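According to Swiss-Prot, the protein has these features:
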- 16-55: DNA-binding region (DNA_BIND)
- 90, 91, 92, 93, 94, 95: NAD(+) binding site (BINDING)
């Protein structure tokens, strides 16, 4: 099936499946059932089977799924052999944490540079990542950088996004409360930690387990 037709909800679950399958492979497990996958990733087995069905016959009834085959399949589907180079804009507490973490569990995703306006941070390295002045954004971003993580104050988020839109960046992971407006050729994922926490608290109060 053409991946353009895969539901976005399914696409968001693929990295979750891939990480668990990686762990299974490392443990030496040869096959896994949808029920086992369901228990591990907390997605019901019917949804897993439906997700997998978009890609054709990945398993056999009564046997389950071959772990090595799934690992190879999802590795190719998720382009795990292609390095995604990332720039981080805003080296505050959250940005600094990202630089130290630098997606150590994702061998194909690397933050390669960061930008800030603080004189104390510009010209230094954090987690081995060079920090440049925000004024150098357009100059420093090469065609290899296609994704940016935005951890700046909300008041300047739109202005920074406008500048990113004029570079090679095609995807923005926005950790600010601001809802950004950019051209259609740029994809934005908004992650508002305060909203996520409020949602969790709401579910805890209204949908007790």
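In case you wondered, yes, glycine gets a Cβ from its N, Cα and C as well.
In this structure, residue 95 (NAD(+) binding site) is part of a helix by DSSP. Sorting the DNA-binding region (16-55) by DSSP state (H, G, I as helix; E, B as strand; all else coil) yields 29 helix, 2 strand, 9 coil. In sequence order, 151, 152 are the residues of the chain that are 6 or more apart from residue 92 (NAD(+) binding site) and have a CB within less than 8 Å of its CB.
Spatially close to residue 95 (NAD(+) binding site) yet at least six residues away along the chain are 88, 89, 114, 116, 149, 151, judged by Cβ distances under 8 angstroms. Listed in sequence order, the residues of the same chain lying 6 or more apart from residue 93 (NAD(+) binding site) and placing their CB within less than 8 Å of its CB: none are present.
When the binding-site residues 91, 94 are compared by the number of other CB atoms within 10 angstroms of each CB, 94 has the fewest.
Each of 88, 96, 97, 98, 116, 151, 152 belongs to the same chain as 90, 91, 92, 93, 94, 95, is absent from that list, and has a C-beta within 8 angstroms of the C-beta centroid marking the NAD(+) site. Summed and averaged per residue, pLDDT over the DNA-binding region (16-55) gives 89. If you draw a 10 Å sphere around the CB of residue 90 (NAD(+) binding site), it holds 25 other CB atoms from the protein chains shown.
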